[in-house]
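Feature annotations, reproduced from Swiss-Prot:
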- 3-23: transmembrane segment (TRANSMEM)
- 25-45: transmembrane segment (TRANSMEM)
- 59-79: transmembrane segment (TRANSMEM)
- 96-116: transmembrane segment (TRANSMEM)
- 122-144: transmembrane segment (TRANSMEM)
- 149-171: transmembrane segment (TRANSMEM)
- 178-198: transmembrane segment (TRANSMEM)
- 202-222: transmembrane segment (TRANSMEM)
- 247-267: transmembrane segment (TRANSMEM)
- 276-296: transmembrane segment (TRANSMEM)
- 326-346: transmembrane segment (TRANSMEM)
Amino acid sequence: MNPLIFTMIMLTVILGTTIVMMSSHWLMIWMGFEMNMLAVIPLLMKQYNPRSMEAATKYFLTQATASMLLMLAVIINLLYSGQWTFTKLMNPTASIIMTLALGMKMGLAPFHFWVPEVTQGISLSSGLILLTWQKLAPLSVLYVISPAINLDLILLMSMMSIAIGGWGGLNQTQLRKILAYSSIAHMGWMASILVFNPTMTLLNLLLYILMTTTTFMLFMVASATTTLSLSHMWNKMPLITTSTLTIMLSLGGLPPLTGFLPKWMIIQELTKNNNITLATLMAITALLNLFFYMRLTYATSLTMFPTTNNMKMKWQFNNKKQLKCLPVLIILSTITLPLAPAITLLN
């Protein structure tokens with residue numbers, strides 16, 4: 001892609017998200033979502049092939065449907081309240097439709113169907129944008145309207161997302177699909193605590209973006225897209241491979257790694273609000289997510305056949321993709337909790 005065009009598209013994506021996050025008018029919010037969606041589609045088709053075109057089409061159809069539902073909710077609310085103000089969401093019907101529309105944009109169950117398919121059909125760099133930056137706009141709207149959200153609906157969607165995110169990743173060998181299902185599960189964790197403690201949702205989002213960004217960057221450095229290609233990294237870059245597997249365990253929520261921190265805090269907050277049954281179900285379902293990451297780590301490190309390239313001086317060219325910020329990201333993505341245990345006191 002032409003660097004000038006790429007820069008313009010990225011600026012439009014950032015501008016669209018910024019408009020959504022800073023506007024107090026429903027029409028401006030809808031316009032920001034549309035700008036963001038139309039600018040992201042060329043990024044998804046950066047590698048011009050049938051798979052990426054199919055992924056971009058699925059993404060467009062899903063997001064267009066969600067935008068239509070969003071506008072429907074805005075119009076219902078306008079007829080009920082008579083104003084376009086962002087914070088005035090008083091109609092229960094409008095609130096339910098709005099939650100469903102934003103859940104579809106985020107990839108919450110039962111509207112999760114597009115996330116694995118789209119992520120699998122695009123490049124790793126585009127997948128990074130899709131699973132991190134594209135979550136900011138809908139989550140920011142949910143954050144502001146959280147007092148008006150239907151509690152039963154959002155808890156049902158979050159519980160389904162955590163369960164589907166765990167079950168869906170069990171039989172996957174494609175790393176992008178594994179991260180897509182992990183994203184669905186993490187969105188479920190964020191949505192579950194949104195009504196009770198919106199600030200904790202932001203902390204969870206920050207840690208999720210940190211861990212997912214680091215994982216994608218490691219995959220891009222190693223050019224790994226499957227579990228088999230991940231196992232072949234041992235001879236060429238053992239440190240990168242070890243870091244990748246550790247961060248994936250952190251994404252699964254293995255204590256005492258960073259990924260355990262948001263799960264621990266969310267379960268603690270749900271228990272404080274007398275949602276003990278929900279907290280127990282979420283903790284049990286989270287084991288599915290941890291299981292497929294542990295199985296992936298075990299299979300990649302201990303059960304793969306050894307490769308024949310054991311020479312000290314390898315014929316491969318040096319990797320040019322090394323990034324200076326990677327060591328810091330790896331440390332933050334793995335041992336934030338042991339380094340700063342006082343973060344658990346945040347509310």
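Here, residue 1 is simply the first one shown, and the rest follow in order.
Placed from the backbone N, Cα and C atoms, the Cβ positions cover glycine too.
Bear in mind that the values here come from a model prediction, so they are computed numbers and not experimental data.
When Cβ distances are compared across the two stretches, the transmembrane segment (202-222) makes contact with the transmembrane segment (326-346), since 3 or more pairs at least 6 residues apart fall below 8 angstroms.
Residues 103, 106-109, 112, 115-116, 118-120, 127, 131, 135, 139, 142-143, 146-147, 149, 151, 154-155, 157-162, 164-166, 168-169, 172, 204-205, 208, 212, 215-216, 251-252, 262-263, 266, 269-270, 273, 275, 278, 282, 286, 289, 292-293, 296, 347 of the same chain sit 6 or more residues outside the transmembrane segment (178-198) yet have a Cβ under 8 Å from a Cβ within it. Residues of the same chain lying 6 or more positions beyond the ends of the transmembrane segment (3-23) and with a Cβ under 8 Å from any Cβ of it are 29, 31-40, 42-43, 86, 129, 133, 136-137, 140-141.
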